[in-house]
């Protein structure tokens, strides 16, 4: 499940003012199987002719074009394939609706760094860095398609390869989801009966992050597969569930802060967890440290008390601002569970209807 996108020699070295013209994600969507441009690229690969294609015709591009001939004709897969039989580059409009030039010699600055060895790929990489627009190189000898964009080199893979990898990743994700559900249910019971320990919390956070990571890998394959990924998208959505909201809720419950944690503090903790490598993620002490809890082996069995966000999150239609009001007033889940309808309705902004709804919901959960 190793991604095929690799950084170029200097990923931050893009021409001024061009960084936001095109993105890797947006370009991959336009190169997905079944799109006109991908159809043309597949024809070129089968014909063993090679190609150099620039997606964009702004001033940055035209300033490095030499020779060839200019015209302005509608894009067609067969037309692009025929034009790519010539030695030079083909220039497309940014929306890939028209072919603007053909048989062009590209003259990007030779000072742009490149890790490529072949002439076509060196020119493609330097042109992408110089202009900030996506450039595609099709290898005549290796039958590969490489996209250069946003300072990255991304080799396109065959749909069958992507499908196999995505299906394998879905199997892994299904195992992660099963294990997450187990530790999640165990934590939920511990929260309701006031015997939560640090390791209970850490175990859930670890598995939520593992689920998120494998989901991101599948997202990349889904993006490249385009319409061929519909079934995978359905399975991915089912396995992912509401993982993002659940991750926020558990951090809100257990992050050590003065008072209830601010959104910025929650997102900072999630960001810190996402930056842990796979090996570091498996060490409970690293998660405990991010939460502000003692990162020692002995402290993992220490009791901790949830604020109540995770449990309130299980009650339909209870919004975050109501949760904040209740938790500010009662302090933790145990106090919330012992509160009466009258106690809840006395909180500013809650009212009797919400108080009854929340009390009934807590009763069902416990």
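Note that Cβ sites are derived from N, Cα and C of the backbone, with glycine treated the same way.
Here the structure is a predicted model, which means the values were calculated and not measured.
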Q) Where Swiss-Prot shows 88, 119, 120, 121, 122, 123 binding ATP, which of 80, 106, 107, 129 is named for the same site? A) 106
Q: Have a look at the binding-site residues (119, 123) and report the one with the fewest Cβ neighbours inside 10 Å.
A: 119
Q: Write out how many residues of the domain 'DAC' (21-159) are helix, how many strand and how many coil, based on DSSP.
A: 44 helix, 40 strand, 55 coil
Q: Tell me the Cβ contacts of residue 121 (ATP binding site) under 8 Å, same chain only and six or more apart in sequence, or just say none.
A: 114, 137, 139, 146
(Q) Sequence gap of 6 or more, Cβ distance under 8 Å: name the residues on the same chain that satisfy this around residue 120 (ATP binding site), in order along the sequence. (A) 50, 52, 137, 139, 140
